[in-house]
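So the structure is just underneath, and the comments pick up after that.
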């Protein structure tokens, strides 16, 4: 774990006082000391003579704060933006009936007020951390790496850039990982991260979804991309990226989520990919959805389908949405399968009288370190907890903690994912996680 860097405002206070000069004799340099023969001249002693020849040291220059990110990322983002003016996301005007919002004076005033709210600064801070970490990850992820290495590289970087290692009680609730790094390969579409002892290695022919969240004060930025090294999968990745952008374009205040799903599906399923001489259609995974994001909760109350539906739920001003799409060369439908790694405490969990002592103690750890933020077993491990699985399973069975098993399509198929977080501001939608990469 990288050492925490000092904030820029603290660095600016660390001006170095001019060092008091030290005599050459005091430094052990006898050649510059006055000789004993001069002692009688004007009553000057050798020490006094030496004092006359004190050398002034040049004042040390103040250490400059970093102005660019390191590789791997270890520089606090707050140091790179000491005035907290973090970059805005992509601002997109509303279409059709919502165009009037841009010229409405009252709406502009409300948007100005919203821009000053602390939550927007926190969101942009989290988004900048996500951008810097993922852009490095896209360059650094290579075949031959273990999934554990990839996940820990991303997570260490997020913690370094937010300045919160998450090892002190409550520290991870201030800022850091919004949810565990998902590294779902090939037919596995979501909710896979390595548990302790996992030896899985990324292969040249794999298609891996990289899905991780960053939060600052509970404002979660959720964004994902897909890594593939074999160019034959390019049409699959292009289909999903284009479908996500279609969903973002369609999204807006008063827009029905069913219409967004139709727009996503139309784009997604216009693509096909050739694998082993066979042309395969790209299908939207119909039982996976986008969703709203709430304070300290990755899944809010609204969902955004990625296929056409009759869902009449409307997006509303002030909503925060994760627009994510999944494409598959398989059935276009996922089911739960495999060892669980992702968990989250339920926000609506009823109070239960726990009889198992290990469950009681683990719940305290979860409350103090994660709250309702999702976590994985590796996060519990790094807090020094052991022999907790029985207690964790008990919390799941009691309905206090939700388990999220891996979601998979049929074996032999390939899946891809792209995702952005958007804010529905009064006059524009801000694609808060947009970057030069996607």
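Cβ coordinates come from backbone N, Cα and C, glycine included.
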Candidate sharing the divalent metal cation 2 site with 222, 324, 419 (per Swiss-Prot), from 164, 187, 291: 291
Of the candidates 211, 409, the one that Swiss-Prot places in the divalent metal cation 1 site of 222, 419: 211
Pairwise Cα distance for residue 191 (substrate binding site)/residue 324 (divalent metal cation 2 binding site) [Å, integer]: 14
From 211, 291, 324, 419, the binding-site residues whose CA lies within 10 Å of that of residue 299 (substrate binding site): 291
Densest Cβ neighbourhood among 191, 291, 299 (binding-site residues), 10 Å radius: 191
